[in-house]
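According to TrEMBL, the compositional bias 'Polar residues' annotation covers B:1-15. If you look up TrEMBL, you'll see B:96-307 marked as domain 'ABC transmembrane type-1'. According to TrEMBL, the feature region 'Disordered' maps to B:1-25. Marked as transmembrane segment by TrEMBL: B:39-65, B:100-121, B:133-153, B:182-205, B:226-248, B:254-276, B:288-310.
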Amino acid sequence: MSPETLTPLAPAPGGDRDAPSSATRTDGRRRRRLPRPGRVALFLTLCVLSVPFVFPTWWMVTTSFKPISQVFAFPPSLWPQDASLQPYRDALTLQPFAQQYWNSLYIAVLVTLGTIVFSSMAGYAFARVRFPGADALFVVVLLGLLVPAEVTIVPLFQLVNRFGLIDTHWPLIVIPMLGAPSVLATFIMRQFFLALPSELEDAGRMDGLSRFAIYRRIAMPLARPAVAAVAIFTFLHSWNLFLEPLVFLSSKEMFTLPQALTQYVDAYGGPIWNVQLAATTMTVVPVLVVFVLAQRQFVQGLAHTGLKG
Amino acid sequence: MTTTAPRPSATTGSPVSRRGGAPRRPWLTYRRRDNLTGLLMVSPQLLGSAAFVIGPLVAVVWYSLHEWRVLANEFTFVGAGNYERLAADPGFHDSLRATGLFSVGLVVFNISLALALAVMLDQKLRGTAVFRTLFFSPVVVTLVAWTIVWGFLLQDNGGINAFLEVLGLDGPNWLRGESTSMLGVVVVQVLKNVGLNMVLFLAALQGVPEELKEAARMDGAGPWRVFRSITLALISPTILLVSIITVVGSLQVFAQIAVLTQGGPGTSTTVLVYYLYQQAFQFKEFGYASAVAVVLFGIVLVLTLIQWGLRRRFVFHES
């Protein structure tokens, strides 16, 4: 749950520019280059500032290979001595961690796919089909942007409870797909389709395509950037969800990762740090790898989401 | 309603063709079919909004007017009783104070750091792309994972204090001290999300025309003056909007508190959402918790409306 990424923001000054990227140096703006001592000082400052951003990840990974006796060893070591995979083995056996991993993964994938389908359909219809009442209905949908998940958690619990779906994955799949979290996706898709030139659709209509076929065969293939942005923030939102699983789930086999990570405790309730950090590493590293590989899409997706909402 | 079923011909009918000279126009004109398709396409989202947003919102207001003890299975109408109780509840006051402290601390730290990072990365310097990646990376790290790692680092005998000790300094027990726990929670949250605001500021900075800065320099303005009077002035709308968004986000902080401090020590980090969670799911007071939720909604509503109002004004100014 990182609400900042999911809240609407103003359009970027300067209009529809891409999020900053490595291309910024070639955008033809004449920028002043700092004098050499200034550049060195700046570089060093950036190095120092990046420590609190990088060090936690480093510390997490190295600690996850340390035996428990070394976790709080002094002086602290930046590289694990007697590195062992035991914490990883424990992480997988103390809890049904593989099952929990799968839960998180399949729920996030389903939510992402469902959100793309429903939000693009709704976004397209709100933008291009001027059916009577479209604007009024759109305002109704937009209400979802005003309502944080925390506000409605009690009634949602009550609703889920009434349908006997407590301790199932249904609420974690269906509510994000159609409820408040998908509203921002609908908004983004609508903004995208509003900007689509209507000539393309007219051509499709000439060819005798139905409205739905125009959406599916002409509009959607063009919407790939918007779909990518929606997919990235929807996946991360589902992957990070914490309050909802905490409220809706009760058995360990059903848990998703964020909740599961907090469960590596000893008999006194104290965390078993190296095991917990091994599980955390397994949760974080794949996402970080994908982020580094598809950095541009991530930054653009998450920033666009903020900027366009 | 929105669930109007399509007439079979709406989906199976032949594609529109010019039926010039047909004796009677069919009822299902292209226009009508279009409208039906549109309505059908928005209906899942509309039903979802009704079931998971509007319904629950109405319900939470309704619940808040009742005393509802789940365990005793009591549900009695008390009117404004819960709100009167809130007004006199020191725990609620504490949570409002903790929320205010958290929000203000977060916005001040987050916005100033994000702006500083953005300005530094906007310079012509080799390697800025790498630094941007590093500063942004916590944004994609699972919130609970990030929080757990920081919880570990901030232990009394954890990484931070160990390195401080190497330097000959004696660090406090960050998360167990009344004065440092809130600071710890704020810093962890700032580091998690500052990269996003940094990117937004970077985009705004790159929208500042170089000619304006050049003109100011020609008029004899120093670098600081150029930054303050040109750059900062031109990106101030973005700063304001990002600030409000950060405040709205900060009101929803929950996982960090639940993992790092459980609202403690005492009630020093029991923010509004955590208080709501405690009332609802630990003490099973659904009615009272709903009243807290309504207050939370009111605050978020006011802030979001301000944000939308500002946005409309700024968009107008830009065009």
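Every residue, even glycine, has its Cβ placed from backbone N, Cα and C.
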Long-range environment of the transmembrane segment (B:182-205) - Cβ separation under 8 angstroms, sequence gap at least 6: 98, 101-102, 105-106, 109-111, 113-115, 117-119, 121-122, 132, 135-139, 141, 143, 146-147, 150, 154, 174-175, 231, 234-235, 238-239, 242, 246, 249-250, 253, 256-257, 260-261, 268-269
Range from B:100-121, B:226-248, B:254-276 with most C-beta pairs under 8 A to the transmembrane segment (B:133-153): B:254-276
Seg_contact(the transmembrane segment (B:226-248), the transmembrane segment (B:100-121)) with at least 3 CB pairs under 8 angstroms, min sep 6: yes
